[in-house]
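Below is one structure, written out as C-alpha cells, with a few remarks after it.
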Amino acid sequence: MKNIINEFLNLVKERNGDEPEFLQAVEEVAETVLPYIVKHEIYYGKNILLRMVEPERAITFRVCWVDDSGVIQVNRGYRIQMNSAIGPYKGGLRFHPTVNMSILKFLAFEQVFKNSLTTLPMGGGKGGSDFDPKGKSDGEIMRFCHSFMSELFRHIGPNTDIPAGDIGVGAREVGFLFGMYKKLKNEFTGVLTGKGLSWGGSLIRPEATGYGTVYFAQKMLETKGEGFNGKQVVVSGSGNVAQYAVEKSIQLGANVLTMSDSSGYIYDSEGINTEKLAHIMQIKNVKRGRISDYLETYKNAIFVKGKTPWEVKCDIALPCATQNELTEIDAEILLKNGCICVSEGANMPSTIQAVHVFQKARILYAPGKASNAGGVATSGLEMTQNSLRFNWTREEVDLKLKEIMSNIHDSCIKYGKDEDGYVDYVRGANIAGFVKVADAMLAQGIV
Ligand SMILES: NC(=O)C1=CN([C@@H]2O[C@H](COP(=O)(O)OP(=O)(O)OC[C@H]3O[C@@H](n4cnc5c(N)ncnc54)[C@H](O)[C@@H]3O)[C@@H](O)[C@H]2O)C=CC1
Ligand SMILES: O=C(O)CCC(=O)C(=O)O
C-alpha cells in the first residue's frame, strides 16, 4: 500500500512541486482514501483521486486600485474552481499577503471534501488575493473589493460559483463585493454568502463556523461521556471563527484561557467571560487593533509575544487561526498537559506530523474539514433561503446547523471506526467526503 501512496504522491509532486501546502493537503487525503479505493472495485483503476487533485479551472487576474495617497496599487486575484461534481463551486475568499496558488489550491481541495460532508449540494472552490487589509482605510478596502469583483463577476454566479468570506474577508468586504456584482450584472441574486441580514444574509452565518466547531467537539466528547462544562479551553486566533468558538464554549460552561493573533497570545487565568469577549470583538472588529490591546483593560492577563497558545495546560484545544499553526512539538506538549480533545476551527491548522501524534495517542482529534464545516453548511442554508425568498429564524438555523454537525460526526464514525472502537476522524471525514463526490463523478462520465 505504501508504494501505491508514494507513487501517487510523486506524480502529484511532479506537477505541483512548488506548492507545499497543497501537497500536504493531498498527502493527508491520499493516506486514507487510496487504501479505501484499492479495496473497492467501483473506484479502483479509474484515476479518480488524480482527477480530484486537478482543479477544473484556476483563474488568476490583475487587480488595480488607487490607495488613499493616490498611488496605483497592483495585486493578484485568484479563483480556484476545484470540483463541481455535486453542485456549484462554493468556498470563501481570502485576502492576506501570503495568498498564492499553493494555499488556495489546498483550501479548495479541502473544501471539496468538507462541502460533500455537509450533505448539501455544493462543489468546492476557493479564491482570494495577496492584498493585505491590515491598516487599510474603509475607502481603500472598498476600492480594492470593487476592482476585484470587476473581474471575478464574469466567472461566478448563483448557479456556477458562490464565494464567501475567509481570512481578511468579513461582512464589510462581502458587502462591497456584492455591491459591484449587482451593479455589473443588474441582478439581485444569492451570488455570495455571508451577506448582511437586510440584503439576503442568514441569521447564525457569522457564528456558524465557531459554533459548529464546538458542536462537533461536543459530539466527540459525548462518545467518552464528557462535555464542555468545567473544562479548560485554549483557543488560537481572534477573528470570526475564534470569537464564536469562544462564545459557544463559554455558553457551555467552559473556562476559555487564551486567544491570539499573528503577534502572540493572551492568557487570562481567570477565564475570558462574555464581557471580556465583547471587548475583544470591539478591539478586533471595530478598532481593528491587536490582541495585546486586551491588557490595557484586563491587567491581570499576560501577553506572550510571538508564540502560539499550545503551551498552556488545557483539556480542549480549538485551533482557529491559520494553517500549520500547531506543530508536532505543540501536539506533544498538549498531550503531556492532559489535552483530551482537539477540534479544528481553522483549515489544516495542524501539521501532518502533529496529526500523526494525535492519532497515535488516540485522543479525540477532528480535522477542520469535518469540524469547521458548519460555516459553509450555513452558507448552504443561506443559499436555500435566498432561493426560497424566505428567512428562517435564529433557532431554526441553529437547529439545522446542529443537525448537520451531528450528521458529519455520524459519517466520520461510519467510515473511521476501528475494530477496537477508536474513531479515526481523519479517515472517516476523508472517505465519507470522497465517496459522495467520486460517485457523482463516475455517474457523470469522464469530463
Ligand atoms: N470564516 C469562515 O466561515 C471559515 C473560516 N475557516 C478558517 O478559519 C480560520 C480563521 O478564519 P477567520 O476567523 O474567518 O478569519 P479572520 O480574518 O476573521 O481571522 C483570522 C484570524 O487568524 C489570525 N491569524 C492570521 N494569520 C495568523 C498567523 N500567521 N499567526 C497567528 N494568527 C494568525 C488573525 O489574527 C485572526 O485572529 C482560517 O483558517 C479559515 O480558513 C474555516 C471555515 C469557515
Ligand atoms: O461559507 C463559505 O462558502 C466558505 C467557508 C469557507 O471558506 C471554508 O469552509 O473554509
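Including glycine, each Cβ sits where the backbone N, Cα and C put it.
TrEMBL labels come from automatic prediction, so no person has curated them.
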TrEMBL records Lys90, Gln111, Lys114, Gly165 as substrate-binding residues. Which of Ser292, Ser343, Ser350, Ser379 is assigned to the same site? Ser379
Cβ under 6 Å from ligand 2: which of the recorded positions Lys90, Asp166, Thr209, Asn240, Ser379 qualify? Lys90, Asp166, Ser379
With Asn240 (NAD(+) binding site) as reference and a Cα-Cα limit of 10 Å, the qualifying recorded positions from Lys90, Gln111, Lys114, Lys126, Asp166, Ser379 are Asp166
Measuring Cα to Cα, how many Å separate Gly165 (substrate binding site) from Thr209 (NAD(+) binding site)? 11
Which of these recorded positions (Lys90, Gln111, Lys114, Lys126, Thr209, Ser379) have a C-beta closer than 6 Å to some atom of ligand 1? Thr209
